[in-house]
Amino acid sequence: MKEDSTMTYLTQKEAQEIDAELMGPKYGYTLAQLMELAGLACAQALHKVYGPERYPRVLVCCGPGNQGGDGLVAARHLWHFGHKPTLYYPKQTDKEHYKSLLRQCETLGIPVIGANFSEAVGETDVILDAIFGFSFHSEPRAPFDEPIRSFQQTQTPIVSVDIPSGWDVETGNPNHVYFTPNVLVSLTAPKRGVKSFPGRHFLGGRFIPPGIVKSYNLKLPCYPSSDQVVEITAVQGEDK
């Protein structure tokens with residue numbers, strides 16, 4: 001665990017341990033609950049920066065794992081916030097909860113595509129990157145190598161969920177091999193690899209029990225009003 005005067009930055013192992021403890025017998029959270037809270041936070045952060053008046057069309061890029069589940073939840077909330085999301089979801093899972101999340105999007109009329117990514121990028125106002133999370137540790141392969149390469153080249157604003165796809169959770173993107181999003185929404189606590197992230201940075205995790213904050217000695221900012229996210233760009237900038 002890496003700490004400074006105002007913020008805790010987690011390693012991959014610590015992030016996994018906190019998730020496991022949240023879903024353990026003491027706290028009783030389910031994966032579905034955590035996914036819902038994470039997706040809501042991501043949707044709220046995107047909406048704050050890229051409102052639907054100027055950025056109505058959102059291309060939500062979902063991977064096959066939990067990160068993709070966060071994206072499915074976010075797409076639904078973005079629709080309710082007045083955006084016009086489209087799901088890029090080329091590698092769907094057979095897990096029942098993910099099927100339910102997808103069905104919820106489809107009943108709202110949210111388009112779902114699995115190909116023609118470059119065409120979809122040209123028809124959107126902002127991208128939500130929910131492809132790979134903090135457990136990913138290899139070179140991106142098809143069908144996700146194309147969008148991650150495109151992220152490096154596009155001028156369309158990108159919002160990434162928790163860790164930008166392709167980045168290492170602990171070392172980040174030191175050689176600038178991968179794209180740097182405009183906005184990052186860290187979940188629970190920011191990860192070590194994003195400590196030097198230069199863009200606008202939000203934290204979503206307004207559900208962490210005091211017992212976990214205490215046992216992991218987490219240093220986290222206060223959330224304003226009833227918001228599910230807090231901007232930590234200024235706090236992070238002060239720590240550089």
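Using N, Cα and C of the backbone, Cβ positions are placed for all residues, glycine too.
From a predicted model like this one, the values you see are computed outputs, not experimental measurements.
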Of D19, D125, D129, residue recorded by Swiss-Prot at the K(+) site of Q67, S165: D129
Measuring Cα to Cα, tell me the gap between D162 ((6S)-NADPHX binding site) and Q67 (K(+) binding site) in whole angstrom. 8
In the three-state scheme derived from DSSP, which category covers D129 (K(+) binding site)? strand
Position of peak Cβ density within 10 Å, selected from the binding-site residues N66, S165: S165
Just counting, how many other CB atoms are there within 10 A of the CB of D162 ((6S)-NADPHX binding site)? 28
